[in-house]
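Novice: My questions all concern the structure below.
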Amino acid sequence: MADKRLIAALDFHTLEDVKKLVNTLGDSVSYYKVGMELFYSVGGDVVKWLRAQGKDVFLDLKLHDIPNTVAGGLCSLMDLGATMLNVHAGGGYTMMKVAAERLHAEADKRGIPCPKLIAVTVLTSINQEDWEGLGQELQIKSAVVRYAKLAKKAGLDGVVASPQEAALIRETCGPDFLIVTPGVRPEGASVDDQSRIATPAKALQNGASHLVIGRPIRAAKDPQAAAEAILKEMESVR
Ligand SMILES: O=c1ccn([C@@H]2O[C@H](COP(=O)(O)O)[C@@H](O)[C@H]2O)c(=O)[nH]1
């Protein structure tokens, strides 16, 4: 049985590429992330196709707009059947609260399970220099925890954060809060454009509930072997 803590990122722009990787990974991976590159080129069909294969889907579109627009957008996306959706915590407490309330109300009205809703805190590509360039005075860690507390208070199920902040979020937001961490790199793997990273084992030890991993699997010579090695490392942390 696949380890649902691993979410493989499908940053492709054709359905053919998606099918090839998903078929290669087979039963080893049961949870996939669809982000803007794929969604903007293929649309909702990719989510429907993945769901028809029995896969869970994190639809990572990072909605960031005024409350009414974000809530409406989420309700439209709900039709696709994704397991998890997200918004930007930078949209503020009111936006997150309205989004969560409208999503739950819409799910109740339609009699369908409500997708998990999580908030992006500070992107894992942001380093200290980028952060200061934005005029931010809090430390990145403190800002991430602040966003996580706001997301929890607004009724969201969790956050996206780097594995470096996971321990502090877990301590602050409790055992059931979802902590979805991109920025995961096996020892020796290329860092690419990520900044705040950790290995799969370290991310889990820090309290991450899910690891989002893209290029270390997708760009590997043998994606199946890369995924298996990551899963083996994850298995050591339960
Ligand atoms: O803060 C964030 C939020 C989202 N992402 C997404 O996760 C994957 C990571 O892919 P890698 O190839 O493993 O770097 C990618 O789809 C991002 O859009 C993130 O990296 N950081």
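Note: Cβ is positioned from N, Cα and C throughout, glycine not excepted.
TrEMBL feature annotations, pasted as is:
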- 5-230: domain 'Orotidine 5'-phosphate decarboxylase' (DOMAIN)
- ASP11, LYS33, 60-69, THR124, ARG185, GLN194, 214-215: substrate binding site (BINDING)
- ASP60: active site, for OMPdecase activity (ACT_SITE)
- LYS62: active site, proton donor (ACT_SITE)
- LYS62: active site, for OMPdecase activity (ACT_SITE)
- ASP65: active site, for OMPdecase activity (ACT_SITE)
Novice: Are there any residues at least 6 positions away along the chain from LYS62 (active site, proton donor) with a Cβ closer than 8 Å to its Cβ? List them or say none.
Specialist: MET36, ASN86, VAL87, HIS88, VAL120
Novice: Write down the Cα-Cα distance for ASP60 (active site, for OMPdecase activity) and ASP11 (substrate binding site), rounded and given in Å.
Specialist: 11
Novice: Kindly point out which of the binding-site residues ASP11, LEU61, PRO67, THR124, GLY214 have a C-beta less than 6 Å from some atom of ligand 1.
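Specialist: By the Cβ criterion, which requires under 6 Å to ligand 1, the hits are ASP11, THR124, GLY214.
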Novice: Run through the Cβ atoms and count how many others sit within 10 Å of the one on LEU61 (substrate binding site).
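Specialist: That number is 17.
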Novice: For the C-alpha pair, I'd like the distance in angstrom between ASP65 (active site, for OMPdecase activity) and GLY214 (substrate binding site), rounded off.
Specialist: 27
Novice: On the three-state reduction of DSSP, what should I expect for PRO67 (substrate binding site)?
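Specialist: Assignment for PRO67 (substrate binding site) reads helix.
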Novice: Using DSSP and three states only, what is THR124 (substrate binding site)?
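Specialist: In three-state terms, THR124 (substrate binding site) counts as coil.
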Novice: Counting Cβ neighbours within 10 Å across all chains shown, tell me which of the recorded positions ASP11, ASP60, ASP65 comes out on top.
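Specialist: Counting every other Cβ within 10 Å of each candidate, the maximum falls on ASP60.
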